[in-house]
Amino acid sequence: MGYHIAFSKPFQLKPRVCQISLTPSLYFCTSIPTPAPAEDPVSPNPETTASPGPKPDPKTETPNVAQEKQFQRIPRAKQQHRSPEKLEDIICRMMANRDWTTRLQNSIRALVPEFDHSLVYNVLHGARKPDHALQFFRWVERAEDMPKKGFELDEDMFVVLIDSYGKAGIVQESVKMFSKMKELGVQRSVKSYDTLFKVIVRKGRYMMAKRFFNKMLDEGIGPTRHTYNVLIWGFFLSMRLRTAVRFFEDMKVRGISPDVVTYNTMINGYYRLKRMEDAEKMFVEMKAKDIAPTVISYTTMIKGYFEVDRINDGLRLLEEMKSFGIKPNNVTYTTLLPGLCDAGKMTETRGILKEMAMRRIAPKDNTIFLKLLNSHCKAVDLKAAVDVLDAMIKLSIPTEAGHYGILIENFCKAEEYDQAVKLVDKVIENDIILSPQSTLEMESSAYNPVIQYLCSHGQTGKAEILFRQLLKKGVEDPLAFNNLICGHAKEGTPDSAFEILRIMGRKGIPRDANAYRLLIESYLRKGEPADAKTALDSMIEDGTPSRFIRVQVRDGEFV
């Protein structure tokens, strides 16, 4: 859990303030819960510490998505038992559901004839998107309600605006708002500086961050631990190792002790730069200073070890963290599973997967299961591969046609056709191929062998059900079509075979001469030479005549 600095403030004119909190726009290393200094604006998120690249983790957008879902349109009937909606919440909902137009502005004006500080402040905080907050503020500012009503632009208001412009990716506007504070006589503190630092380092403007840091010192404003944490994180984000290390040393010179967030940030930065020896030194140093590593610390170290092929060191740290009562999280598991697969340590992989399923913790990236299935099949451990599918179901992770396809293909290769057919039954029964959420399709190397097996073992009907589902997904495989024709012909259902033949003709799919032969023979066996002649004519039209078949039909013979 990271630090959270709430921008709560006392009511100034009207009691409209609701409970609000600042949505972090970007997170990095975090630590165990610790009271945050009042001047620290926003703190980093733990998840990004263990992220692989120099860019911020896409997960940082999740809080915004969650908020948007929270404020989707709700039928009035479901709201009748709720408390009356606050005015600022109504305005935020209106902005979220409608385009910013004059009509919307008039609707808001009808609700609020005049704005006060508390209402504007809370609308800016509650806006679902940065654009909404900025549009609202610009509109109120143009309406000149703020000067007329004695509206006060204080530091907290500017902090929200600086952050909103930053979230919208307009760094220069954030800088302008920061500069405007001085023009309007608004006192700047470390809180507004920290907010600006977060905005500019997130965009890689490390030189600008250094200039504003010096400006802050010139104004007599001292940096806090949070200031250094943000800047160090930003310098590593821009791959400025020396600058990050210099600021790390500078904070100690100023008597500011690094905390677990600082060390996690340093470890993560060294890991990203593939400097695991330096990351190890930081890890040892933090423990020597009685700063307990967190799950983020361990996960980052494990990830670093795995990336430099020090798998055993990573597993050693995994056992160490468990011995201290620190439980792996979904990021840890997401790190472990692919690394163990690449190292061929499939026994350890099975143990990790079993632990995840027992704790009901799903990994961050569901593509890991595809890697697990392929790795177990490559190791010819099909039972373990089936366990992967079972774990997915237990963790409520959607199983797709591609997952079943891997197992079906490998069971066919191992000539364990009974197991492959059982999986086909599940696919058909649950309409897995036709699921609209499915993005992972079954490959031809999976469905063709099992269709061929079914057609040659008296189960052509089941094979056709499977293939018709594939057909609806756009699969037009000539081999599968011809296998179905052969299967129906062998089972004495030539009409079904001829229907498949017609479908192939409509779709322009090439037809096999052997399939024609079996179809014609099937009609002759049933004593239906006229239908056999029709099939022959179709074959001739298709351009694949056979003298032998023509003689058979003319003489009413068959093999």
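Cβ from N, Cα, C; glycine included.
Keep in mind that TrEMBL annotations are predicted by a computer and have not been checked by a curator.
Annotation source TrEMBL lists region 'Disordered' at 36-85. What TrEMBL records for 154-188, 189-223, 224-258, 259-293, 294-328, 329-363, 477-511, 512-546 is repeat 'PPR'.
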Average the pLDDT scores across the repeat 'PPR' (294-328) and report the rounded value. 96
Over the span of the repeat 'PPR' (224-258), count residues by DSSP class, listing helix, strand and coil in order. 26 helix, 0 strand, 9 coil
What are the helix, strand and coil residue counts for the repeat 'PPR' (329-363) according to DSSP? 27 helix, 0 strand, 8 coil
